[in-house]
């Protein structure tokens, strides 16, 4: 008797869930971004790993699911990131408290080249290109706020009234072309940026009038940020380049000479008021055309003019000695009070008063 044996046909599990095709040996071949024996599980995004095992020297941080800093939700295909990590595939750090609503969350590569916001200390030509250039993030605080999460208000800063033997910050504005129109930009120590109205740098024979116009423009900046600054015309000076903004020492340069035919030189003296003591960011002098729609201030500029700002060591005729120039303090509450970072106000110690506790009201 002949026996008829019916063929046996197996099937792929769950028909590959509609996310793949049944291949040889009844094994599912899943579509892109699906996995599992029946192709029912989603694949989460892969990004450069925060940590992994290095293959060779300087050869690590390969692509990994959820960047090795999270758990994949196979149903949704979304990473459940570890605390402090966020983004697609947990690719970047989360800024603390979203910068408290008082700042912007930026990549380390952006902060490294941010030369505009002086508190950051970035350099425009600096290029940060390590593996974490678009992973590490930090807060850039709005003016008047500070801290890793921008949650603290900046208190007024001033000169300690009990210290002596210090100098005011001096800067020189040198314009090499007569009758050119431009403007100045001031970066205050609290993170604010201020542009003056247009200034006409007059003929070299009218330096006094030019420097008076500079003083007026600076004193008219909003919020009285430079309302006590003094600007006078000088003929020459010795420039000074500090080792760092917190250092008293530096390098004295060759004498810069102006006069009636060479250049206009305006000496800017930052007087002892809250926010204008100690080291001050160099003013920025702009003499290029600035007259496109929407720009402020509107200035015509000059194609070949240059305007340079220096820190001044001395205006004396004789060559100065050692390259040390001690500045007054620019300390929170002038070192004579406690800063309330919630309100941004100083609580002065006994015997001291003023916005930054910069005045001594009684002998102590």
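Placed from the backbone N, Cα and C atoms, the Cβ positions cover glycine too.
In the three-state DSSP scheme, residue 81 (disulfide bond) is classed as strand. Residue density at residue 81 (disulfide bond): 20 other Cβ atoms are found within 10 A of its Cβ, drawing on all protein chains shown. According to TrEMBL, the feature disulfide bond maps to 81-90.
Remote same-chain residues near the domain 'EGF-like' (57-91) are listed as 33, 36, 41-51, 131, 134-135 (criterion: CB distance under 8 Å, separation of at least six residues from the stretch ends). The domain 'EGF-like' annotation in TrEMBL covers 57-91.
Of all Cβ atoms in the protein chains displayed, 29 besides its own lie within 10 Å of the Cβ of residue 90 (disulfide bond).
Look at the domain 'EGF-like' (57-91): DSSP puts its residues at 6 helix, 14 strand, 15 coil.
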